[in-house]
Amino acid sequence: MTNIRKSHPLMKIVNNAFIDLPAPSNISSWWNFGSLLGVCLILQILTGLFLAMHYTSDTTTAFSSVTHICRDVNYGWIIRYMHANGASMFFICLYMHVGRGLYYGSYTFLETWNIGVILLLTVMATAFMGYVLPWGQMSFWGATVITNLLSAIPYIGTNLVEWIWGGFSVDKATLTRFFAFHFILPFIIMAIAMVHLLFLHETGSNNPTGISSDTDKIPFHPYYTIKDILGALLLILTLMLLVLFAPDLLGDPDNYTPANPLNTPPHIKPEWYFLFAXAILRSIPNKLGGVLALAFSILILVLIPLLHTSKQGSMMFGPLSQCLFWALVADLLTLTWIGGQPVEHPYITIGQLASIMYFLFIVVLMPTAGTIENKLLKW
């Protein structure tokens, strides 16, 4: 008699994805972030569900409903802070996951990579809309500034912005629709993530060497299930340290002031995970140019498979590529720092240089390094 996990229609899918899946024997801890993102997503959906039970998406009561959750609901404070800091953990894992894909050449799996880029954009949209919901000062002004960017689109811009707002400014209609979208998107993300996995399992995982590992596979369970559990425990430990000891560390104090359309905060800035994008956006003096640079800073990921010149799959054996990769990481950290600084003399120039370097690294320097490494191999 066949094992039920191999014959049952539903169990068979789970078995082929998480139990008998042939996995490379040499994948490092950088391959843990996929499962950690799954853990983050489930955690965000669960905490978000419980928050939605007490939240009201009305401009007059939204701010006080969040206060009510923190003060009066049983363990509401921990649910709220797990959700807010869970978003930060989500983005840490996301950026690590994308960085791993870049470093080890996982972008050669085109479908998986492109669906990953769609996932990244969807998660960013979800996080942005979630940040608007508490209806604090930074929520309101962040929503105003970011939605206003669409008015830079020629001809249809103004109509488009007013259509998204549901009026002539960010108001009740905007908050209600953002809540609706923020609720539905995580489920859409879950569906896209399943397609992401489906395409990944068509080819099998990549590995640090960038060489096919078909000759050396091990079963996913127990080897990688136990490894993923360890990763998840470390993730939850880090999250709970943040939630219980420094819940407001990554937040903005301005968001504890209720939204006031008549009073603009001195520095309108997004959450830390969008600061690099904000820095690229504001380093270009022209509005439309800034919006295009902002969009392209993420969409450039789609072009990376086309810009791959190296004969090696991975950067593991490419010293030049490695140097450039880590310089790119340093550049992104610089952009993140600049995004949090006021728009004044030294910061503007640093931001512009870092923005130029960001695109230069990806479009020019890394492909050139790949070509040089090919030459070195022949030499």
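Glycine residues also receive a Cβ, built from the backbone N, Cα and C atoms like all the rest.
These come from Swiss-Prot:
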type     : residues      : note
TRANSMEM : 33-53         : transmembrane segment
TRANSMEM : 77-98         : transmembrane segment
BINDING  : His83, His182 : heme b b562 binding site
BINDING  : His97, His196 : heme b b566 binding site
TRANSMEM : 113-133       : transmembrane segment
TRANSMEM : 178-198       : transmembrane segment
BINDING  : His201        : ubiquinone binding site
TRANSMEM : 226-246       : transmembrane segment
TRANSMEM : 288-308       : transmembrane segment
TRANSMEM : 320-340       : transmembrane segment
TRANSMEM : 347-367       : transmembrane segment
Legend entry - Contact between the transmembrane segment (33-53) and the transmembrane segment (178-198) (3 or more Cβ pairs under 8 Å, separation 6+): yes
Per the Cβ under 8 Å criterion, with at least 6 residues separating them from its ends, the transmembrane segment (113-133) contacts 55, 57, 62, 66, 87, 90-91, 94, 97-98, 101, 106-107, 139-140, 142-143, 146, 174-175, 178-179, 181-182, 185-186, 188-189, 192-193, 195-196, 199, 270-271, 273-274, 298-299, 301-302, 304-305
For His83 (heme b b562 binding site), the closest of the binding-site residues by C-alpha position, picking from His97, His196, His201, is His97
Between the transmembrane segment (77-98) and the stretches 178-198, 226-246, 288-308, 320-340, the largest tally of CB pairs under 8 Å belongs to 226-246
Tertiary contacts of the transmembrane segment (320-340), defined by C-beta under 8 angstroms and 6+ residue spacing from its ends, are 99, 102-103, 269-270, 272, 274-280, 283, 310, 347, 350-351, 354-355, 357-358, 361-362, 365-366, 369-370, 372-373
Students should find that the Cα atoms of His196 (heme b b566 binding site) and His182 (heme b b562 binding site) sit apart, in Å rounded to an integer, by 21
CA pair His182 (heme b b562 binding site) / His97 (heme b b566 binding site), Å rounded to integer, equals 23
If you measure between the CA atoms of His201 (ubiquinone binding site) and His97 (heme b b566 binding site) and round to the nearest Å, you get 17
Quick note, His97 (heme b b566 binding site): same-chain residues at least 6 apart with CB under 8 Å of its CB -> Phe33, Gly34, Leu37, Gly116
Smallest number of other CB atoms within 10 Å: among the binding-site residues His83, His182, His196, His201, that is His201
